[in-house]
Amino acid sequence: MATHAALAVSRIPVTQRLQSKSAIHSFPAQCSSKRLEVAEFSGLRMSSIGGEASFFDAVAAQIIPKAVTTSTPVRGETVAKLKVAINGFGRIGRNFLRCWHGRKDSPLEVVVLNDSGGVKNASHLLKYDSMLGTFKAEVKIVDNETISVDGKLIKVVSNRDPLKLPWAELGIDIVIEGTGVFVDGPGAGKHIQAGASKVIITAPAKGADIPTYVMGVNEQDYGHDVANIISNASCTTNCLAPFAKVLDEEFGIVKGTMTTTHSYTGDQRLLDASHRDLRRARAAALNIVPTSTGAAKAVSLVLPQLKGKLNGIALRVPTPNVSVVDLVINVEKKGLTAEDVNEAFRKAANGPMKGILDVCDAPLVSVDFRCSDVSTTIDSSLTMVMGDDMVKVVAWYDNEWGYSQRVVDLAHLVASKWPGAEAVGSGDPLEDFCKTNPADEECKVYD
């Protein structure tokens, strides 16, 4: 088995957010076709409502907690699950649902999705996926407005105007905004106007008024009252920011450039056709397409000390999934070796960034990183040091599955901070880690 296989350890304490059900990856087709078995989906209750009940009755039955025999609540017990809507059931929307469905005892309940294709497209594309394989969950069309996933009813609506979506009627707590369209305050704010409480944008946000969070980097800054609209950044920022944080803390980043060799996405053209970016207008499966990316600059949104120090470009290539970041930086610390750099990553991977960052020592290729749960995997054999202050680091990431795991993590973080949720942890990942690992070198600050 590949040595980079990541332990899918949560960034959220287990009383609020449990681990992915599998600790170790299987390669290469592990996502939902081999990794997620139906018997493991025990975290979701089957509906006990009869066939004549309305969709709303069925949803209520699934989210209202079962009666308990004691008047004393169990510490850390989730009293009621937060109701989630997915707006846009494309690559990230469907990956998010699969990732969420594989989590046991999630504090979330997906009750509705908005997709222009209706129930037929939503059910078929969820069940059969060219990258993930066949979903082992039972996916059925219940009626022309409802699908079921292992008996769990999910309403399907089709409306391109967020203001007309039934979020108030359904009591939606969190909207996963996955269209890539409503990424600014006015756009994403339409979900709030429609009755939702919170919005998580699965893309870089436009506007300084929307805070960005990258799990493993700055999630400790989130609080329920900080903002109603937040961003999970981009897949590339989720790859770059964790290891940039390690490099900056250990060696001090002076400046650097990044290139992401990125799989093609739906924003490109299958055949040559008009596009606002003339390079993305060219056939995605036939070309290496240089294009822009804001991922390097966006790192400063979660690591403010790096503002103005990083920049980069993207090369879109003819692969459907998995991407790789190549970062070259100048550092303050002199006299480093490649092993010094890799050791810093191993320390982070086994400590406060466990489940977010991993290190791979095997000579692998992109397909081996499909469905990697972590945000970033350092390819240790490609780490280089030139002169006394130049460092090159290469890191792999699954730009769909790994990113969607972080969206679930961020949604779980939002749930853990919800009014009435049991307070757990200090909010500082390093401090929480050091409570159980006091002998670790990084924990001396807490002595």
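Cβ atoms are placed via backbone N, Cα and C, with glycine included.
Sequence annotations record features per position, and here Swiss-Prot assigns active site, nucleophile to Cys235. Marked as NADP(+) binding site by Swiss-Prot on the basis of similarity to another entry: Arg91, Ile92, Asp115, Arg160, Asn399. Marked as D-glyceraldehyde 3-phosphate binding site by Swiss-Prot: Ser234, Cys235, Thr236, Thr265, Arg280, Thr293, Gly294, Arg316. Residues or ranges marked as site 'Activates thiol group during catalysis' by Swiss-Prot on the basis of similarity to another entry: His262. Residues or ranges marked as transit peptide by Swiss-Prot on the basis of similarity to another entry: 1-80.
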Using only C-alpha positions, which one of Arg160, His262, Arg280, Asn399 is spatially nearest Cys235 (active site, nucleophile)? These are the recorded positions in the record.
Asn399
Whole-number Å value of the largest CA-CA distance among Ser234, Cys235, Thr236, Thr265, Arg280, Thr293, Gly294, Arg316, listed as D-glyceraldehyde 3-phosphate-binding:
19
Which ones, of the binding-site residues Ser234, Thr236, Thr265, Gly294, Arg316, have a Cα no more than 10 Å from the Cα of Arg91 (NADP(+) binding site)?
Thr265
For Thr293 (D-glyceraldehyde 3-phosphate binding site), which of the three DSSP-derived states applies: helix, strand, or coil?
coil
Comparing the recorded positions His262, Arg280, which residue's C-beta has the most other C-beta atoms within 10 angstroms in this structure?
His262
Between the Cα atoms of Thr265 (D-glyceraldehyde 3-phosphate binding site) and Asp115 (NADP(+) binding site), find the distance and write it as a whole number of Å.
19
Kindly assign Arg160 (NADP(+) binding site) to one of the three DSSP-derived states: helix, strand or coil.
coil
His262 (site 'Activates thiol group during catalysis'): which of the binding-site residues Arg160, Ser234, Arg316 is the nearest Cα neighbour?
Arg316
Look up Asn399 (NADP(+) binding site) in the DSSP assignment and reduce it to helix, strand or coil.
coil
Could you state the whole-number distance in Å separating the C-alpha atoms of Arg280 (D-glyceraldehyde 3-phosphate binding site) and Asn399 (NADP(+) binding site)?
18
DSSP three-state assignment for Thr265 (D-glyceraldehyde 3-phosphate binding site):
coil
According to DSSP, which kind of secondary structure is Thr236 (D-glyceraldehyde 3-phosphate binding site) found in, if we only use helix, strand and coil?
helix
Subset of binding-site residues (Ile92, Asp115, Arg160, Asn399) lying within 10 A of Thr236 (D-glyceraldehyde 3-phosphate binding site), CA to CA, in sequence order:
Asn399
For Arg91 (NADP(+) binding site), name the DSSP secondary structure in the helix/strand/coil scheme.
helix
Tell me which of the binding-site residues Ile92, Asp115, Arg160, Asn399 ends up closest to Thr293 (D-glyceraldehyde 3-phosphate binding site) in space, Cα to Cα.
Asn399
